[in-house]
(Lines of atoms letter the chains of each structure in order from A and count residues from 1; the text may use other names and numbers.)
(Lines give C-alpha, C1' and ligand atoms only; values in the text may rest on other atoms or scores of the structure.)
Protein backbone atom coordinates (compact mmCIF):
# COMPACT_ATOMS: atom_id res chain seq x y z
CA UNK A 1 0.00 0.00 0.00
CA UNK A 2 1.33 3.40 -0.95
CA UNK A 3 1.84 6.36 1.35
CA UNK A 4 -0.86 8.20 -0.62
CA UNK A 5 -3.41 5.46 0.05
CA UNK A 6 -2.54 5.36 3.74
CA UNK A 7 -2.74 9.12 4.24
CA UNK A 8 -6.07 9.21 2.37
CA UNK A 9 -7.59 7.43 5.31
CA UNK A 10 -8.32 4.05 3.73
CA UNK A 11 -9.88 1.82 6.39
CA UNK A 12 -8.86 -1.63 7.47
CA UNK A 13 -12.05 -3.18 8.78
CA UNK A 14 -15.17 -1.85 7.10
CA UNK A 15 -16.78 -5.01 5.71
CA UNK A 16 -20.01 -5.08 3.76
CA UNK A 17 -21.40 -7.52 6.33
CA UNK A 18 -22.15 -4.46 8.47
CA UNK A 19 -24.58 -3.28 5.81
CA UNK A 20 -26.22 -6.71 5.69
CA UNK A 21 -26.63 -6.73 9.45
CA UNK A 22 -28.62 -3.49 9.55
CA UNK A 23 -31.00 -3.87 6.62
CA UNK A 24 -34.06 -1.66 6.78
CA UNK A 25 -37.09 -3.50 8.14
CA UNK A 26 -39.62 -0.78 8.93
CA UNK A 27 -42.28 -2.23 6.64
CA UNK A 28 -46.01 -1.67 6.60
CA UNK A 29 -46.43 -5.21 7.88
CA UNK A 30 -44.36 -4.45 11.02
CA UNK A 31 -46.24 -1.24 11.69
CA UNK A 32 -49.51 -3.12 11.31
CA UNK A 33 -48.45 -5.80 13.79
CA UNK A 34 -47.53 -3.15 16.36
CA UNK A 35 -50.68 -1.08 15.97
CA UNK A 36 -53.09 -4.02 15.66
CA UNK A 37 -51.54 -5.63 18.74
CA UNK A 38 -51.91 -2.39 20.73
CA UNK A 39 -55.54 -1.93 19.65
CA UNK A 40 -56.34 -5.57 20.45
CA UNK A 41 -55.09 -5.25 24.03
CA UNK A 42 -56.80 -1.86 24.45
CA UNK A 43 -60.11 -3.43 23.46
CA UNK A 44 -59.41 -6.48 25.63
CA UNK A 45 -58.57 -4.58 28.79
CA UNK A 46 -60.61 -1.41 28.32
CA UNK A 47 -60.57 0.56 31.58
CA UNK A 48 -59.72 -2.47 33.71
CA UNK A 49 -57.24 -2.30 36.57
CA UNK A 50 -55.19 -5.06 38.09
CA UNK A 51 -56.85 -6.35 41.26
CA UNK A 52 -55.25 -6.24 44.70
CA UNK A 53 -52.59 -3.68 43.85
CA UNK A 54 -50.92 -2.74 47.15
CA UNK A 55 -50.42 0.78 48.36
CA UNK A 56 -46.62 0.11 48.37
CA UNK A 57 -46.13 2.65 51.14
CA UNK A 58 -43.96 0.49 53.42
CA UNK A 59 -42.56 -3.00 52.86
CA UNK A 60 -41.80 -5.17 55.92
CA UNK A 61 -39.08 -7.80 55.90
CA UNK A 62 -40.43 -11.33 55.34
CA UNK A 63 -40.57 -13.74 58.27
CA UNK A 64 -38.88 -16.65 56.49
CA UNK A 65 -35.25 -17.57 55.82
CA UNK A 66 -33.14 -15.76 53.24
CA UNK A 67 -32.30 -19.16 51.74
CA UNK A 68 -35.89 -19.40 50.48
CA UNK A 69 -35.43 -16.13 48.58
CA UNK A 70 -32.14 -17.38 47.11
CA UNK A 71 -33.79 -20.63 45.99
CA UNK A 72 -36.66 -18.58 44.54
CA UNK A 73 -34.28 -16.51 42.41
CA UNK A 74 -32.23 -19.56 41.36
CA UNK A 75 -35.38 -21.38 40.21
CA UNK A 76 -36.41 -18.31 38.20
CA UNK A 77 -33.10 -18.04 36.34
CA UNK A 78 -33.05 -21.78 35.58
CA UNK A 79 -36.62 -21.68 34.25
CA UNK A 80 -35.82 -18.57 32.24
CA UNK A 81 -32.84 -20.26 30.54
CA UNK A 82 -34.90 -23.38 29.82
CA UNK A 83 -37.68 -21.22 28.40
CA UNK A 84 -35.26 -19.45 26.08
CA UNK A 85 -34.09 -22.75 24.62
CA UNK A 86 -37.53 -24.38 24.38
CA UNK A 87 -39.41 -21.44 22.86
CA UNK A 88 -36.59 -20.50 20.46
CA UNK A 89 -36.24 -24.04 19.10
CA UNK A 90 -40.01 -24.43 18.93
CA UNK A 91 -40.62 -21.20 17.05
CA UNK A 92 -37.61 -21.77 14.79
CA UNK A 93 -38.75 -25.28 13.97
CA UNK A 94 -42.28 -24.17 13.12
CA UNK A 95 -40.93 -21.35 10.96
CA UNK A 96 -38.72 -23.78 9.04
CA UNK A 97 -41.59 -26.26 8.67
CA UNK A 98 -44.39 -23.89 7.66
CA UNK A 99 -43.47 -21.08 5.32
CA UNK A 100 -46.68 -19.13 6.02
CA UNK A 101 -45.72 -19.08 9.70
CA UNK A 102 -42.24 -17.82 8.83
CA UNK A 103 -43.68 -14.94 6.78
CA UNK A 104 -45.66 -13.80 9.82
CA UNK A 105 -42.99 -14.59 12.43
CA UNK A 106 -40.11 -12.71 10.77
CA UNK A 107 -41.64 -9.21 10.98
CA UNK A 108 -43.28 -10.07 14.31
CA UNK A 109 -39.85 -10.88 15.76
CA UNK A 110 -38.54 -7.54 14.57
CA UNK A 111 -41.33 -5.81 16.49
CA UNK A 112 -41.05 -8.06 19.57
CA UNK A 113 -37.31 -7.39 19.94
CA UNK A 114 -38.09 -3.67 20.26
CA UNK A 115 -40.60 -4.10 23.10
CA UNK A 116 -39.18 -3.24 26.57
CA UNK A 117 -39.69 -6.47 28.51
CA UNK A 118 -40.11 -4.78 31.91
CA UNK A 119 -43.11 -2.86 30.61
CA UNK A 120 -45.03 -6.10 30.06
CA UNK A 121 -45.32 -6.93 33.76
CA UNK A 122 -48.88 -5.62 34.04
CA UNK A 123 -50.04 -7.46 30.91
CA UNK A 124 -48.45 -10.73 32.03
CA UNK A 125 -49.96 -10.47 35.54
CA UNK A 126 -53.39 -10.30 33.93
CA UNK A 127 -52.88 -13.76 32.37
CA UNK A 128 -50.20 -15.54 34.45
CA UNK A 129 -49.17 -16.09 38.04
CA UNK A 130 -46.37 -14.01 39.58
CA UNK A 131 -43.81 -16.81 39.11
CA UNK A 132 -44.60 -17.29 35.41
CA UNK A 133 -44.58 -13.52 34.96
CA UNK A 134 -41.05 -13.23 36.36
CA UNK A 135 -39.77 -16.06 34.16
CA UNK A 136 -41.47 -14.70 31.04
CA UNK A 137 -40.23 -11.14 31.60
CA UNK A 138 -36.66 -12.36 32.19
CA UNK A 139 -36.60 -14.47 29.02
CA UNK A 140 -38.75 -12.23 26.81
CA UNK A 141 -36.25 -10.28 24.70
CA UNK A 142 -33.75 -13.13 24.44
CA UNK A 143 -36.30 -15.56 22.95
CA UNK A 144 -36.81 -13.31 19.94
CA UNK A 145 -33.09 -12.69 19.43
CA UNK A 146 -32.25 -16.41 19.50
CA UNK A 147 -35.19 -17.27 17.23
CA UNK A 148 -33.99 -14.64 14.75
CA UNK A 149 -30.60 -16.37 14.69
CA UNK A 150 -32.30 -19.58 13.56
CA UNK A 151 -34.35 -17.83 10.86
CA UNK A 152 -31.38 -15.89 9.47
CA UNK A 153 -29.09 -18.91 9.21
CA UNK A 154 -30.23 -19.64 5.65
CA UNK A 155 -28.05 -16.75 4.47
CA UNK A 156 -24.96 -18.55 5.84
CA UNK A 157 -25.61 -22.06 4.50
CA UNK A 158 -23.55 -22.65 1.37
CA UNK A 159 -24.91 -23.97 -1.90
CA UNK A 160 -22.74 -27.10 -1.59
CA UNK A 161 -24.40 -28.05 1.70
CA UNK A 162 -27.82 -27.45 0.13
CA UNK A 163 -26.92 -29.82 -2.71
CA UNK A 164 -25.68 -32.48 -0.26
CA UNK A 165 -28.94 -32.23 1.71
CA UNK A 166 -30.93 -32.61 -1.48
CA UNK A 167 -28.77 -35.51 -2.68
CA UNK A 168 -29.19 -37.47 0.56
CA UNK A 169 -32.92 -36.67 0.55
CA UNK A 170 -32.90 -35.30 4.08
CA UNK A 171 -36.30 -34.68 5.58
CA UNK A 172 -37.30 -31.23 6.81
CA UNK A 173 -36.65 -32.31 10.41
CA UNK A 174 -33.21 -33.71 9.58
CA UNK A 175 -32.27 -30.58 7.67
CA UNK A 176 -33.40 -28.39 10.57
CA UNK A 177 -31.66 -30.42 13.30
CA UNK A 178 -28.48 -31.44 11.50
CA UNK A 179 -27.76 -28.41 9.28
CA UNK A 180 -29.68 -25.32 10.33
CA UNK A 181 -29.21 -25.60 14.09
CA UNK A 182 -25.43 -26.30 13.95
CA UNK A 183 -25.02 -23.38 11.54
CA UNK A 184 -27.03 -21.12 13.86
CA UNK A 185 -25.29 -22.17 17.10
CA UNK A 186 -22.52 -19.50 17.02
CA UNK A 187 -25.06 -16.72 16.59
CA UNK A 188 -27.43 -18.25 19.16
CA UNK A 189 -24.66 -18.58 21.74
CA UNK A 190 -23.48 -15.03 21.09
CA UNK A 191 -27.00 -13.63 21.54
CA UNK A 192 -27.57 -15.53 24.78
CA UNK A 193 -24.21 -14.56 26.30
CA UNK A 194 -24.64 -10.89 25.39
CA UNK A 195 -28.21 -10.90 26.71
CA UNK A 196 -27.50 -12.49 30.11
CA UNK A 197 -26.98 -9.15 31.94
CA UNK A 198 -30.37 -8.10 30.56
CA UNK A 199 -31.93 -11.39 31.73
CA UNK A 200 -30.60 -10.81 35.25
CA UNK A 201 -31.72 -7.16 35.13
CA UNK A 202 -35.31 -8.01 34.16
CA UNK A 203 -35.47 -10.89 36.64
CA UNK A 204 -34.27 -8.81 39.61
CA UNK A 205 -36.47 -5.85 38.66
CA UNK A 206 -39.53 -8.08 38.14
CA UNK A 207 -39.06 -9.64 41.58
CA UNK A 208 -38.73 -6.17 43.10
CA UNK A 209 -41.75 -4.72 41.31
CA UNK A 210 -43.99 -7.67 42.22
CA UNK A 211 -42.86 -7.35 45.82
CA UNK A 212 -43.64 -3.63 45.69
CA UNK A 213 -47.11 -4.41 44.32
CA UNK A 214 -47.51 -7.12 47.00
CA UNK A 215 -48.26 -9.73 44.32
CA UNK A 216 -45.60 -12.22 45.33
CA UNK A 217 -45.62 -14.12 48.65
CA UNK A 218 -41.88 -14.79 48.30
CA UNK A 219 -39.77 -11.75 47.53
CA UNK A 220 -36.68 -13.30 45.98
CA UNK A 221 -33.31 -11.54 45.98
CA UNK A 222 -34.72 -8.66 43.94
CA UNK A 223 -37.55 -8.10 46.39
CA UNK A 224 -35.32 -8.31 49.47
CA UNK A 225 -32.89 -5.86 47.87
CA UNK A 226 -35.74 -3.41 47.27
CA UNK A 227 -36.94 -3.77 50.88
CA UNK A 228 -33.39 -3.09 52.10
CA UNK A 229 -33.27 0.05 49.95
CA UNK A 230 -36.60 1.22 51.35
CA UNK A 231 -35.38 0.67 54.92
CA UNK A 232 -31.93 2.16 54.13
CA UNK A 233 -30.48 -1.01 55.62
CA UNK A 234 -26.90 -0.99 54.35
CA UNK A 235 -26.01 -4.32 55.99
CA UNK A 236 -28.82 -6.34 54.40
CA UNK A 237 -28.36 -4.54 51.09
CA UNK A 238 -24.66 -5.44 51.02
CA UNK A 239 -25.54 -9.06 51.84
CA UNK A 240 -28.04 -9.22 48.95
CA UNK A 241 -25.54 -7.65 46.56
CA UNK A 242 -22.91 -10.23 47.51
CA UNK A 243 -25.45 -13.02 46.97
CA UNK A 244 -26.44 -11.65 43.55
CA UNK A 245 -22.81 -11.27 42.47
CA UNK A 246 -22.18 -14.88 43.53
CA UNK A 247 -25.21 -16.14 41.60
CA UNK A 248 -24.19 -14.24 38.47
CA UNK A 249 -20.66 -15.67 38.66
CA UNK A 250 -21.98 -19.21 39.18
CA UNK A 251 -24.31 -19.00 36.18
CA UNK A 252 -21.49 -17.52 34.12
CA UNK A 253 -19.04 -20.28 35.09
CA UNK A 254 -21.49 -23.19 35.01
CA UNK A 255 -23.54 -22.28 31.95
CA UNK A 256 -22.46 -19.27 29.86
CA UNK A 257 -18.73 -19.99 29.53
CA UNK A 258 -19.16 -23.75 28.82
CA UNK A 259 -21.81 -22.85 26.26
CA UNK A 260 -19.47 -20.38 24.56
CA UNK A 261 -16.63 -22.92 24.47
CA UNK A 262 -19.03 -25.49 23.02
CA UNK A 263 -20.35 -22.98 20.48
CA UNK A 264 -16.82 -22.20 19.27
CA UNK A 265 -16.68 -25.70 17.77
CA UNK A 266 -19.26 -24.63 15.18
CA UNK A 267 -17.68 -21.30 14.29
CA UNK A 268 -14.63 -20.32 12.34
CA UNK A 269 -11.32 -19.17 13.73
CA UNK A 270 -11.66 -16.74 16.63
CA UNK A 271 -9.14 -13.95 16.55
CA UNK A 272 -8.04 -11.32 18.95
CA UNK A 273 -8.55 -10.88 22.66
CA UNK A 274 -11.68 -13.05 22.65
CA UNK A 275 -9.95 -16.30 21.80
CA UNK A 276 -8.78 -17.29 25.30
CA UNK A 277 -11.15 -15.50 27.66
CA UNK A 278 -13.82 -18.24 27.96
CA UNK A 279 -12.38 -20.48 30.68
CA UNK A 280 -14.57 -22.34 33.14
CA UNK A 281 -13.51 -24.22 36.28
CA UNK A 282 -16.86 -26.04 36.15
CA UNK A 283 -16.16 -27.33 32.64
CA UNK A 284 -12.64 -28.33 33.71
CA UNK A 285 -14.12 -30.29 36.61
CA UNK A 286 -16.72 -31.88 34.32
CA UNK A 287 -14.10 -33.09 31.85
CA UNK A 288 -11.96 -34.63 34.60
CA UNK A 289 -14.91 -36.59 36.01
CA UNK A 290 -15.44 -40.01 34.42
CA UNK A 291 -19.08 -40.18 35.49
CA UNK A 292 -19.91 -36.75 34.05
CA UNK A 293 -17.99 -37.55 30.87
CA UNK A 294 -20.16 -40.64 30.39
CA UNK A 295 -23.27 -38.48 30.82
CA UNK A 296 -21.92 -36.08 28.18
CA UNK A 297 -21.29 -38.94 25.77
CA UNK A 298 -24.79 -40.36 26.24
CA UNK A 299 -26.33 -36.93 25.79
CA UNK A 300 -24.31 -36.45 22.59
CA UNK A 301 -25.54 -39.81 21.29
CA UNK A 302 -29.12 -38.82 22.09
CA UNK A 303 -28.77 -35.61 20.12
CA UNK A 304 -27.33 -37.57 17.19
CA UNK A 305 -30.17 -40.09 17.27
CA UNK A 306 -32.71 -37.28 17.23
CA UNK A 307 -31.09 -35.94 14.07
CA UNK A 308 -31.36 -39.33 12.37
CA UNK A 309 -35.13 -39.56 12.75
CA UNK A 310 -36.79 -39.30 9.33
CA UNK A 311 -39.75 -37.10 10.16
CA UNK A 312 -41.74 -34.94 7.75
CA UNK A 313 -41.46 -34.36 4.04
CA UNK A 314 -38.30 -34.36 1.95
CA UNK A 315 -36.56 -31.02 2.25
CA UNK A 316 -36.70 -28.64 -0.70
CA UNK A 317 -35.13 -25.22 -0.94
CA UNK A 318 -37.54 -22.27 -1.06
CA UNK A 319 -36.74 -18.93 -2.59
CA UNK A 320 -37.84 -16.79 0.34
CA UNK A 321 -37.94 -13.50 -1.51
CA UNK A 322 -39.97 -14.78 -4.46
CA UNK A 323 -42.32 -16.84 -2.32
CA UNK A 324 -42.85 -14.01 0.09
CA UNK A 325 -43.75 -11.54 -2.64
CA UNK A 326 -46.55 -13.68 -4.03
CA UNK A 327 -49.05 -13.48 -1.21
CA UNK A 328 -47.97 -10.60 1.02
CA UNK A 329 -50.24 -7.66 0.31
CA UNK A 330 -48.41 -4.70 1.81
CA UNK A 331 -51.11 -2.21 0.78
CA UNK A 332 -53.67 -4.11 2.85
CA UNK A 333 -51.54 -3.94 5.98
CA UNK A 334 -50.77 -0.27 5.46
CA UNK A 335 -54.48 0.48 5.31
CA UNK A 336 -55.01 -1.45 8.54
CA UNK A 337 -52.18 0.53 10.12
CA UNK A 338 -53.76 3.84 9.18
CA UNK A 339 -57.13 2.84 10.63
CA UNK A 340 -55.49 1.65 13.86
CA UNK A 341 -53.38 4.80 14.05
CA UNK A 342 -56.47 7.00 13.89
CA UNK A 343 -58.06 4.98 16.70
CA UNK A 344 -54.88 5.08 18.73
CA UNK A 345 -54.44 8.85 18.42
CA UNK A 346 -57.95 9.29 19.77
CA UNK A 347 -57.02 7.42 22.96
CA UNK A 348 -53.83 9.21 24.00
CA UNK A 349 -53.02 12.55 25.59
CA UNK A 350 -50.77 13.78 22.82
CA UNK A 351 -49.08 16.64 24.68
CA UNK A 352 -48.12 14.47 27.65
CA UNK A 353 -46.83 11.70 25.39
CA UNK A 354 -44.76 14.13 23.29
CA UNK A 355 -43.20 15.73 26.36
CA UNK A 356 -42.33 12.32 27.84
CA UNK A 357 -40.91 11.20 24.47
CA UNK A 358 -38.65 14.24 24.26
CA UNK A 359 -37.33 13.67 27.80
CA UNK A 360 -36.66 9.97 27.13
CA UNK A 361 -35.03 10.67 23.77
CA UNK A 362 -32.82 13.30 25.45
CA UNK A 363 -31.57 10.80 28.02
CA UNK A 364 -30.88 8.20 25.34
CA UNK A 365 -29.09 10.78 23.19
CA UNK A 366 -26.90 11.79 26.13
CA UNK A 367 -26.02 8.13 26.66
CA UNK A 368 -25.11 7.69 23.00
CA UNK A 369 -22.84 10.75 23.22
CA UNK A 370 -21.19 9.35 26.38
CA UNK A 371 -20.62 5.97 24.72
CA UNK A 372 -19.27 7.56 21.54
CA UNK A 373 -16.83 9.87 23.29
CA UNK A 374 -15.70 7.27 25.83
CA UNK A 375 -14.93 4.57 23.28
CA UNK A 376 -13.43 6.94 20.70
CA UNK A 377 -10.97 8.19 23.31
CA UNK A 378 -10.43 4.65 24.56
CA UNK A 379 -9.69 3.43 21.04
CA UNK A 380 -6.88 5.97 20.76
CA UNK A 381 -5.37 4.76 24.05
CA UNK A 382 -5.95 1.04 23.41
CA UNK A 383 -4.38 1.18 19.93
CA UNK A 384 -0.87 1.63 21.31
CA UNK A 385 -1.44 -0.44 24.47
CA UNK A 386 0.58 -3.65 24.41
CA UNK A 387 -1.39 -5.46 27.13
CA UNK A 388 -4.80 -4.88 25.52
CA UNK A 389 -5.96 -8.41 26.37
CA UNK A 390 -5.81 -7.66 30.10
CA UNK A 391 -7.98 -4.56 29.65
CA UNK A 392 -10.39 -6.64 27.57
CA UNK A 393 -10.74 -9.25 30.30
CA UNK A 394 -11.10 -6.64 33.02
CA UNK A 395 -13.93 -4.80 31.27
CA UNK A 396 -15.51 -8.06 30.15
CA UNK A 397 -15.63 -9.30 33.75
CA UNK A 398 -17.74 -6.34 34.93
CA UNK A 399 -20.01 -6.57 31.89
CA UNK A 400 -21.55 -9.87 33.08
CA UNK A 401 -23.27 -8.14 36.01
CA UNK A 402 -26.67 -6.47 35.59
CA UNK A 403 -26.61 -2.70 35.90
CA UNK A 404 -29.16 -2.79 38.72
CA UNK A 405 -26.42 -4.08 41.04
CA UNK A 406 -24.52 -0.79 40.63
CA UNK A 407 -27.51 1.39 41.51
CA UNK A 408 -26.95 1.44 45.30
CA UNK A 409 -23.37 2.65 44.77
CA UNK A 410 -24.56 5.43 42.47
CA UNK A 411 -27.37 6.41 44.84
CA UNK A 412 -25.34 6.61 48.04
CA UNK A 413 -22.39 8.29 46.32
CA UNK A 414 -24.65 11.04 44.94
CA UNK A 415 -23.61 10.40 41.33
CA UNK A 416 -26.86 8.94 40.04
CA UNK A 417 -27.86 10.17 36.59
CA UNK A 418 -30.14 8.42 34.11
CA UNK A 419 -27.55 8.66 31.33
CA UNK A 420 -24.82 7.24 33.57
CA UNK A 421 -27.08 4.34 34.57
CA UNK A 422 -27.78 3.57 30.91
CA UNK A 423 -24.09 3.92 30.06
CA UNK A 424 -23.02 1.35 32.68
CA UNK A 425 -25.64 -1.09 31.39
CA UNK A 426 -24.61 -0.91 27.72
CA UNK A 427 -20.92 0.06 27.60
CA UNK A 428 -19.68 -3.43 26.78
CA UNK A 429 -21.93 -3.92 23.74
CA UNK A 430 -20.01 -1.06 22.14
CA UNK A 431 -16.66 -1.87 23.72
CA UNK A 432 -16.49 -5.41 22.36
CA UNK A 433 -16.90 -4.05 18.83
CA UNK A 434 -14.10 -1.57 19.45
CA UNK A 435 -11.71 -4.32 20.60
CA UNK A 436 -12.63 -6.39 17.54
CA UNK A 437 -11.99 -3.45 15.20
CA UNK A 438 -8.62 -2.62 16.79
CA UNK A 439 -7.52 -6.23 16.63
CA UNK A 440 -8.47 -6.39 12.94
CA UNK A 441 -6.09 -3.62 11.90
CA UNK A 442 -3.35 -5.37 9.85
CA UNK A 443 0.17 -5.33 11.23
CA UNK A 444 1.39 -3.91 7.93
CA UNK A 445 -0.75 -0.82 8.54
CA UNK A 446 0.63 -0.42 12.03
CA UNK A 447 4.18 -0.77 10.77
CA UNK A 448 3.56 1.76 8.00
CA UNK A 449 2.24 4.26 10.55
CA UNK A 450 5.44 3.78 12.58
CA UNK A 451 7.66 4.14 9.50
CA UNK A 452 5.87 7.32 8.41
CA UNK A 453 6.02 8.71 11.98
CA UNK A 454 2.26 9.20 12.02
CA UNK A 455 1.29 10.07 15.61
CA UNK A 456 -1.24 11.87 17.72
CA UNK A 457 -4.24 13.46 16.05
CA UNK A 458 -3.11 12.50 12.56
CA UNK A 459 -2.88 8.82 13.54
CA UNK A 460 -6.37 8.98 15.02
CA UNK A 461 -7.77 10.68 11.92
CA UNK A 462 -6.10 8.54 9.25
CA UNK A 463 -6.09 5.07 10.82
CA UNK A 464 -7.90 4.67 14.14
CA UNK A 465 -11.09 6.58 13.34
CA UNK A 466 -11.74 4.90 9.95
CA UNK A 467 -10.98 1.52 11.52
CA UNK A 468 -13.40 1.72 14.43
CA UNK A 469 -16.21 4.09 13.41
CA UNK A 470 -18.47 1.51 11.73
CA UNK A 471 -17.98 -1.02 14.51
CA UNK A 472 -18.70 1.67 17.09
CA UNK A 473 -21.95 2.63 15.37
CA UNK A 474 -23.00 -1.02 15.12
CA UNK A 475 -22.33 -1.30 18.86
CA UNK A 476 -24.55 1.71 19.48
CA UNK A 477 -27.29 0.05 17.46
CA UNK A 478 -26.93 -3.13 19.52
CA UNK A 479 -27.08 -1.07 22.72
CA UNK A 480 -30.32 0.68 21.71
CA UNK A 481 -32.65 -2.23 22.57
CA UNK A 482 -31.35 -3.01 26.10
CA UNK A 483 -30.99 0.73 26.72
CA UNK A 484 -34.71 1.15 26.10
CA UNK A 485 -35.35 -1.71 28.52
CA UNK A 486 -33.23 -0.04 31.22
CA UNK A 487 -34.90 3.32 30.61
CA UNK A 488 -38.07 2.46 32.53
CA UNK A 489 -36.15 1.62 35.73
CA UNK A 490 -33.53 4.35 35.25
CA UNK A 491 -36.13 7.13 35.00
CA UNK A 492 -38.08 5.66 37.92
CA UNK A 493 -35.03 6.04 40.16
CA UNK A 494 -34.55 9.68 39.12
CA UNK A 495 -36.01 12.43 41.28
CA UNK A 496 -37.16 14.62 38.38
CA UNK A 497 -38.08 14.58 34.67
CA UNK A 498 -41.09 12.38 33.98
CA UNK A 499 -40.12 10.59 30.79
CA UNK A 500 -42.06 7.77 29.17
CA UNK A 501 -40.16 5.18 31.22
CA UNK A 502 -41.23 6.69 34.54
CA UNK A 503 -44.80 7.14 33.28
CA UNK A 504 -44.94 3.46 32.29
CA UNK A 505 -43.49 2.38 35.64
CA UNK A 506 -46.13 4.32 37.57
CA UNK A 507 -48.87 2.88 35.35
CA UNK A 508 -47.62 -0.63 36.16
CA UNK A 509 -47.62 0.06 39.89
CA UNK A 510 -51.13 1.52 39.83
CA UNK A 511 -52.46 -1.27 37.60
CA UNK A 512 -53.98 1.00 34.92
CA UNK A 513 -53.97 -1.35 31.93
CA UNK A 514 -54.98 1.20 29.27
CA UNK A 515 -52.12 3.55 30.11
CA UNK A 516 -49.67 0.66 30.15
CA UNK A 517 -50.63 -0.45 26.63
CA UNK A 518 -50.50 3.09 25.21
CA UNK A 519 -47.11 3.91 26.78
CA UNK A 520 -45.62 0.52 25.90
CA UNK A 521 -46.72 0.85 22.29
CA UNK A 522 -45.30 4.39 22.13
CA UNK A 523 -41.94 3.31 23.57
CA UNK A 524 -41.74 0.45 21.07
CA UNK A 525 -42.59 2.72 18.14
CA UNK A 526 -39.97 5.27 19.25
CA UNK A 527 -37.28 2.58 19.47
CA UNK A 528 -38.18 1.23 16.02
CA UNK A 529 -38.02 4.77 14.64
CA UNK A 530 -34.63 5.34 16.30
CA UNK A 531 -33.21 2.13 14.89
CA UNK A 532 -34.69 2.19 11.38
CA UNK A 533 -34.59 5.86 10.46
CA UNK A 534 -31.65 7.22 12.44
CA UNK A 535 -29.08 4.56 13.40
CA UNK A 536 -29.35 2.20 10.45
CA UNK A 537 -28.97 4.85 7.69
CA UNK A 538 -25.95 6.31 9.50
CA UNK A 539 -24.37 2.86 9.88
CA UNK A 540 -25.02 1.98 6.25
CA UNK A 541 -23.56 5.25 5.00
CA UNK A 542 -20.48 4.88 7.20
CA UNK A 543 -19.91 1.26 6.18
CA UNK A 544 -20.12 2.16 2.51
CA UNK A 545 -17.76 5.10 2.92
CA UNK A 546 -15.11 3.19 4.87
CA UNK A 547 -15.06 -0.13 3.00
CA UNK A 548 -12.03 -1.39 1.15
CA UNK A 549 -12.98 -1.96 -2.46
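Quick reminder: no glycine exception, Cβ is built from N, Cα and C everywhere.
Residues annotated as transmembrane segment in TrEMBL: 27-46 (among others).
The transmembrane segment annotation in TrEMBL covers 66-92 (among others).
Among the features that TrEMBL reports, domain 'ABC transmembrane type-1' is placed at 92-211.
Counting residues 6+ beyond its ends, the transmembrane segment (104-128) has Cβ neighbours under 8 Å at 25, 27, 29-30, 33-34, 37, 41, 45, 48, 50, 91, 94-95, 136-138, 140-141, 144-145, 147-148, 151, 198, 202, 205-206, 209-210, 215, 481, 484-485, 487-489, 504, 507-508, 511, 513, 516-517, 519-520, 523-524, 527-528, 531 in the same chain. Residues annotated as transmembrane segment in TrEMBL: 104-128 (among others).
If you look at the transmembrane segment (134-151), the same-chain residues 6 or more away from its ends with a CB under 8 A from one of its CBs are 76-77, 79-81, 83-85, 87-89, 91-92, 95-96, 102, 105-106, 109-110, 112-113, 115, 117-118, 120-121, 124, 128, 180-181, 184, 187-188, 191-192, 195, 198-200, 202-203, 206-207, 210, 216, 220, 481-482, 485. Annotated transmembrane segment per TrEMBL: 134-151 (among others), in sequence order.
Under the heading transmembrane segment, TrEMBL lists 327-345 (among others).
Taking Cβ pairs closer than 8 Å, the transmembrane segment (365-385) reaches residues 391, 418-420, 422-423, 426-427, 430-431, 434-435, 437-438, 441, 459-460, 464-465, 468, 472, 475-476, 479, 483 in its own chain, all 6 or more past its ends. The transmembrane segment annotation in TrEMBL covers 365-385 (among others).
Within the chain, the transmembrane segment (392-410) has long-range Cβ neighbours (under 8 A, six or more residues past its boundaries) at 196-198, 200-201, 204-205, 229, 237, 241, 244-245, 248-249, 252, 256, 273-274, 277, 416, 420-421, 424-425, 427-428, 431-432, 435, 486, 489, 493. Marked as transmembrane segment by TrEMBL: 392-410 (among others).
Same-chain residues lying 6 or more positions outside the transmembrane segment (416-438) and placing a CB less than 8 Å from one of its CB atoms are 13, 194, 197, 201, 272-274, 363-364, 366-367, 370-371, 374-375, 378-379, 382-383, 388, 392, 395-396, 398-399, 402-403, 406-407, 410, 464, 467-468, 470-472, 474-476, 478-479, 482-483, 486-487, 490-491, 493-494, 497, 499. Residues annotated as transmembrane segment in TrEMBL: 416-438 (among others).
Here TrEMBL flags 463-484 (among others) as transmembrane segment.
Taken from TrEMBL, the feature transmembrane segment covers 504-530 (among others).
Sequence-distant neighbours of the transmembrane segment (463-484) (same chain, 6+ residues past either end, Cβ-Cβ under 8 Å): 6, 9-14, 18, 21-22, 113-114, 116, 141, 194-195, 197-198, 364, 367-368, 371-372, 375-376, 379-380, 383, 422, 425-426, 429-434, 436-438, 440-441, 445, 449, 454, 523, 527, 530-531, 535-536, 538-539, 542-543, 546. Applying DSSP to the domain 'ABC transmembrane type-1' (92-211) sorts its residues as follows: 107 helix, 1 strand, 12 coil.
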